[in-house]
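What TrEMBL says about this one:
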TRANSMEM  58-76  transmembrane segment
TRANSMEM  91-112  transmembrane segment
TRANSMEM  147-166  transmembrane segment
TRANSMEM  178-197  transmembrane segment
TRANSMEM  209-228  transmembrane segment
TRANSMEM  346-369  transmembrane segment
DOMAIN    454-584  domain 'Cyclic nucleotide-binding'
COMPBIAS  626-641  compositional bias 'Basic and acidic residues'
REGION    626-655  region 'Disordered'
REGION    673-700  region 'Disordered'
COMPBIAS  687-700  compositional bias 'Basic and acidic residues'
Amino acid sequence: MYRIISTPASKFRQFGRLRSRTSNTSAANSDEENAFQILWRYQILDPDSDIVAYWNRVFLVASLLALFVDPLYFFLPTVGGTACLKADPRLSIIVTIMRTFADLFYIIHMVLKFRTAFVAPNSRVFGRGDLVMDPHEIAMRYLKSDFVIDLAATIPLPQIVIWLVIPASSSSTTDHANNTLALFVLIQYIPRLFLIFPLNQRITKTTGVIAKTPWIAAAYNLILYMLASHVTGATWYLSSIGRQFNCWRAECERENRLKTITCLPTYLDCNSIGLPERQRWLNVTQIITRCDPKAKLNVKYKFGMFADAFLNDVVTTNFVERYFYCLWWGLRNLSSYGQNLDTTTYLPETFFCIFLCLAGLILFCLLIGNMQTYLQSMSVRLEEWRIRKNDTEQWMRHRQLPPDLQERVRRFVQYKWLATRGVNEESILLDLPLDLRREIQHHLCLSLVRRVPFFSQMDDQLLDAICERLVSSLSTEGTYIFREGDPVDEMLFIIRGQLESSTTNGGRSGFYNSITLRPGDFCGEELLTWALLPNSTLNLPNSTRTVKALSEVEAFALEAEDLKFVASQFKRLHSKKLQHAFRYYSQQWRTWASCFIQAAWRKFQKRKAARELSLREGQFYMTLPPERDSSSYYGESERDQSVGSSSSPGRMKRVQNLNTTILASRFAANTKKAKVRGSDPVPQLFKPDEPDFSVDREEV
């Protein structure tokens, strides 16, 4: 859409008066139309607006088509009979219609230039500059600069010459008409051709490129090269017709000088074919034999490079065959710089060959060179990657790296190419404004970040802050991301692939814990605990786990400094959900919890076994007396019975106390033996540091 830059206030007041004077529906509609015409009359277009840029591209295509149409006038003359020329009337009508349709675009372009603002030259000291929006100043500037060239390119000169000038001339012949038409077409073709160059510069200045894709840019340069071939072939065809006519006219003048026969110039026009005197002239004249390029005995009049048009009957065939043969002739000779041409000493022919050679050299270097550049730009990343890959191979061979290490390097280089296609995303983002970077990172990372359960508990503001600082990380199979005991410099959030996270609790023998990390998990949580400390030092925390890639892994990394900033946002949150989410998804906390549960379960099992053992031993000693001699036992029993029943209750109580003492001593002895024997000790795993999610400590 175009935008209205300037509309005088008086015209708006006139528009309001028109609206106020409406008394019925028909009058209102009429006033609205008048008001719309007034507004349209004073609309000024921004030269950098979308509609102006779109129109420039449309007009560029229309100008190229017009440049293809104008040389078609050169194909109007043809050999219509024996020693005569004629013009193709059907082709004249078709070319005139096409030319008139192309002229409409030039007229619209001139109208839009009267309504397009321009930048004041004295305001370009800084920035874009100020737009001049006064219609009078715009019109005066256009009339003083490009108006004359645009008007010369817009006037329908060929139509006027063909349908008005030539028919009105009583003494016009076919050759005279051809020369006049060719002259006017050439005069108008020059300004139309020069309009292409400022139009290209204007499009490049507005949009940065003439074409959006390399293929379109290459096709554009190829079309320009084909246009040059088309113009060259049409000029060669018209020159061939002119060369043939010059031969006929020279022989006719020779016959008139010798007075052997009367040769009128009208005989060379096909309109006089039915005249009897022309038939008598054909029976005695030598024009046909002396101006025949196919005659090998004709050594007086040489056709040179124009002989192909007659040897291949190009001048007598239909338009389609004539056009494509001439196009091929121009393309072949432009590509070969005219090396295959057989020229004569005819001066215009020599000049034409010189111009053809220079034009072919310039066009080949310029247009074909540009087309090659655009096509090579499609594979420039691939070529850079190939060169970098070769340099890597040479460096690895020079340093004599082991084969397995070389293979890992190759896998990483290949995987990085497949993931990024050689584009440095960070450099592209750094050249953009902060707002655009934020929106792009939000678009690229937000949906993936929400897949991480730890991030799903955060609000949008905090997620935006995280997305701004996330960087992509690629790892191939077998890569160690963290090693136990090494400093942790980033926190990794997995998007694709699998990682193995293992720990030995500081190298303790007999202890090993391993878990597989999948998309949605994270590692390096020690860095978050470090970042949440109120007085964290510059020394990074050590990793408690070893993390290794099991497959190709794509992840987002949050570096230490960025995580420090994000951690400051954590302290402003009062929700306990983040604390629970961190504990639940942290592998360090999961390992501590599993070991804590295992230790508690083992302790419970030992207590249960000891309790069951004590119960069994208590029942055994309560049912059986202490071991001693049976004879003394039975003898003591008989003495006790002889003493009497009065002393039996006291004696039984003493026996029970003795049994309890023996049971307690044996239980203590068994417990001591178990400790000395030393069953498997429970490994001690300290509880991880608790991140400070509250604000109380910060306030203190």
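Here the Cβ of each residue, glycine as well, is placed from N, Cα and C on the backbone.
All TrEMBL annotations are machine predictions without curation.
Since we're looking at a predicted model, the values are computed, not measured.
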Residue numbers, six or more beyond the limits of the transmembrane segment (91-112), whose CB comes under 8 Å of its CB atoms: 45, 52, 55, 58-59, 62-63, 65-66, 69-70, 72-73, 75-76, 147, 150-151, 153-154, 156, 158-159, 162-163, 319
Distal contacts, the transmembrane segment (346-369) - CB-CB under 8 A, six or more residues away: 221-222, 224-225, 228, 232, 235-236, 239, 243, 302, 304-306, 333-338
Sequence-remote partners of the transmembrane segment (209-228) [C-beta within less than 8 Å, at least six residues beyond its ends]: 64, 67-68, 200, 203, 327, 330-331, 334, 359, 363, 367-368, 370-371, 374-375, 377-378
Number of helical, extended and coil residues in the domain 'Cyclic nucleotide-binding' (454-584), per DSSP: 39 helix, 40 strand, 52 coil
